Amino acid sequence: MNERNLKGIFVPVVTPFQTNNELDLDSYQKYLRSLLTHEIQGLVVNGTTGEAPTVCWDEVTSLVELTKHTMKNNPIPLIVGTGTNDTMSTLKRTELAAELGADAVLIVVPYYNRPSQEGIVEHFRAVAQVGIPVIMYEVPSRTGVRITLDTARTILDMDGVIGLKDCSGNTELVSELTRLSSKPVLCGEDIYFHSMLTAGASGGILASASIETAKFLQVFRLAEEGRDLEAMTVFESMVPFIRLLFKESNPSPLKWLLARQGLIASDHVRLPMSVISSSLQEEMEQMLVSNLSGIM
Ligand SMILES: O=C(O)C1=N[C@H](C(=O)O)C[C@H](O)C1
């Protein structure tokens with residue numbers, strides 16, 4: 001995988017669990033097969049949406065193997081989340097992902113220990129040397145640390161780093177990087193998808209594309225063709241749905257909807273995540289009944 005492939009709609013997949021906390025691989029395969037009926041550009045396993053903090057490496061291995069098996073006749077790029085807040089364990093996981101045949105790794109800016117900008121740069125320099133393409137993942141609302149434009153540029157200039165997943169909460173970073181003709185930026189914050197495309201993003205890694213796959217593909221295609229008004233109209237039809245999907249922590253609302261659609265058996269999430277509140281369930285039911293964004 002290289003920076004030219006970092007374009008279009010990438011779906012970060014959920015990790016289905018049984019109510020006893022075991023992986024539910026039957027559901028996982030059914031859900032994957034349904035996603036793969038769309039012409040998406042890639043999948044992300046063990047991202048935030050995949051509940052990476054509570055999935056152990058043996059389980060990631062099972063998920064990656066089953067993903068590769070399921071798409072063997074029609075392989076698309078497979079990105080695996082291997083970033084942690086410890087450089088040594090990130091390196092180990094990244095090497096293991098490469099051995100499993102991942103096409104790229106998604107490396108979150110180290111969270112919780114609040115490294116300096118220099119520490120963040122060195123973390124990425126180490127991972128970039130493993131030899132598998134690296135996508136940097138900026139999500140300050142989750143990590144507690146925000147990268148500067150200089151840090152983003154320094155990391156994106158490294159050989160082995162192919163792009164950035166931007167969940168920075170606004171369009172500043174993507175606009176600046178686009179102005180500087182940097183490597184590709186994928187939107188990682190669903191509600192900003194259209195504005196980030198307008199600002200120069202080359203696509204998105206979007207949890208809501210698990211449900212509204214066709215519409216996200218349509219927005220991307222229309223924007224690429226320069227039909228921005230149409231792209232905006234389709235995107236705006238999804239805004240109420242996206243707002244509900246992120247009203248409580250991702251991926252609990254998404255898992256509820258996938259279970260409601262019968263694509264996974266249960267909306268179970270591992271603690272400390274919890275299933276959505278009854279009030280959000282009611283709002284989601286209401287959305288389905290009034291078919292707000294045309295889903296289902
Ligand atoms: O799993 C991901 O990748 C995504 N994570 C974001 C988050 O939950 O912070 C949301 C985005 O849709 C995809």
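In case you wondered, yes, glycine gets a Cβ from its N, Cα and C as well.
Taken verbatim from TrEMBL:
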SITE      T48  site 'Part of a proton relay during catalysis'
BINDING   T49, I205  pyruvate binding site
SITE      Y112  site 'Part of a proton relay during catalysis'
ACT_SITE  Y137  active site, proton donor/acceptor
ACT_SITE  K165  active site, schiff-base intermediate with substrate
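Sequence-distant contacts of K165 (active site, schiff-base intermediate with substrate), defined as residues of its own chain at least six apart whose C-beta falls under 8 angstroms from its C-beta, comprise L106, I135, M136, Y137, E138, V139, V185, L186, G188, I205. Candidate recorded positions: Y112, Y137. Fewest other C-beta atoms within 10 angstroms, Y112.
Taking a Cβ distance under 6 Å to any atom of ligand 1 as the criterion, the recorded positions Y112, Y137, K165 reduce to none. Listed in sequence order, P12, G81, V139, R142, A207, N250, P251 are the same-chain residues six or more apart from T48 (site 'Part of a proton relay during catalysis') with CB atoms under 8 A from its CB. Calculated from their C-alpha atoms, the gap between Y112 (site 'Part of a proton relay during catalysis') and T49 (pyruvate binding site) amounts to 19 Å.
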